[in-house]
Amino acid sequence: MPNERWSAAQVIALAPDASSARAGQGASAATKWESAGWGGDLLWGLCRGSGKHPYQVCVDLSEPAYRCSCPSRKFPCKHALGLMLLWSAGGAPEAEAPDWVDEWHAARAAKPRRAPVKKGQPSEAAAGKRADRVAAGMQELDRWLLDQISHGLAGAERSGYGPYEAMAARLVDAQAPGAANAVRRLGRIAGVGAQWADRLLGELALLRLLVAAYGRVGELPDPLAATVRSRVGIPVPTEEVLAGPPLRDRWHVLGQVELADDRLITRRTWLRGTDSGRFALLLAFAPPGQALPADTVPGTAIDADLCWYPGALPMRAVFAHRHAVLQPGTAPAGAPAIREALAGWTAAVAAEPWCESVPMLLAGVTPTDDRHLVDAAGDAVPLSAGHDEPWWLLAASGAARSRSPASTARPGSVRSPPGPRVDTWPPRPVPAATGAVRCSPPSCCPPHWSAPSAAPSPVRRPTVSGSTGAARRRCWRAPRSRWRTGGPAWCPSPGERRSSRPHRRAPSWSRSRRRTASPSCSPTAACRAAARSPWACWATG
């Protein structure tokens, strides 16, 4: 039995999309449920719908798994989300499960676990043909790299994305998708940002190193050889990974990032062991329009065994066995100093030169106005140039006190997890005791107000009313297609009232969207102090 109920933010994180999250919040009203209860790992309820009979809703918290008699094809549907939200608010008492719930649970227990599909071992002739294609593709990549250097980087800014996409397509034909992705990244660097030539030259050098390493892969140590094959794009069978030694620990789910393109949706989930202190990266993939599995929720912890993919810097892992259900997690301990955290980055790059990012958990750091993180010793590290609004760091730090944000380290900077949907630590609003800026009353910060993962432009400094000293700040409601609740909330400022009209895109600051004054929302001293920050609002909901 779970020790305590999940928070609303952890439940919303399971929603397959933003519209389901909103519909689930509407279905969480107690008046919509004829009955609801929970016992052990099971939740159940009868939800009134448009039909004659109520919908039968079941949730198994151990995976989690869902069952609903509604015709929706989304998992979890809005009724399952509403039931979990009702339970998280204490609305579903402990009780004996009805017969239809026991039948569903017994059927699930009797159903044999799906055995991993064992692919037939490729014949030696097929394996040899693929090795020849990959080797030919890497040789062609070597010649292409030499051409780029001999022609110079001056024309890279004007050549566009075409040459990189053409080379990447040839590598895909040669069954080297990892090297193809590395070539595509070159096209996103050329002519973009300050010192793009230096960054482009560095990426070209890393690709040349990969080509040279693959040509001598038989002479390398086994861990480094596995890394080279993985970077080229040669997959490792899952059964081979599960055959490795597992590590049991209580794993904190630090955060998730979902990256979408035209072909695939990728979710990156970072874990950290309580006792071992080891980081792990879980990857999940789904085609566009299909929901990703909701087996990990940011802010929770799970007792499980993990197995790592082989490599010089083993980071990607898979679950081998789960010993318990997801439990609400506690704040993890971060590195006490930036120097110590950077030493971990140095060791990672020394072990694997092609390392793109390393998780970094900092303790006692404070964000500054010039986009740096500063620790107690005065050491600072800059944020990535693509992170123009570190509002979430201000929310995590309580605008004045230091906290432990979970981020990823990249060359020359620290960067929070990017992407259209981000859950960062802390997963729930920071209590008022930590010094977080709050508005009064709490109802002016509803759960569906959340901050953008990447705002279109830097936030302007708010103006201050000379009569009351209250900050007059603009805010907007989360667009349905790109925002997710959970984590620091983008809070309406004092003297403003949230609008019921959804905005499909984030407005520019020059667009006038004024709110009318709300007599129930009075400015507090903390809110007035917020006007001294260059960021518009860092309040937590």
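Using the three backbone atoms N, Cα and C, a Cβ is placed for every residue, glycine included.
Unlike curated entries, TrEMBL annotations are predicted automatically.
Look at TrEMBL and you will find 402-416, 450-462 tagged as compositional bias 'Low complexity'. Taken from TrEMBL, the feature compositional bias 'Basic residues' applies to 471-483, 500-516. Here TrEMBL flags 55-88 as domain 'SWIM-type'. Feature annotation from TrEMBL assigns region 'Disordered' to 111-131, 402-429, 450-523.
Non-local neighbours of the domain 'SWIM-type' (55-88) in the same chain are 2, 5-8, 10-12, 14-17, 20-21, 23-30, 32-33, 36, 38, 41-49, 100-101, 104-105, 108, 291, 294-295, 322, 325-326; each lies 6+ residues outside the stretch with a CB under 8 Å from one of its CB atoms.
Break the domain 'SWIM-type' (55-88) down by DSSP state and the numbers are 11 helix, 10 strand, 13 coil. Confidence in the domain 'SWIM-type' (55-88), given as mean pLDDT, stands at 89.
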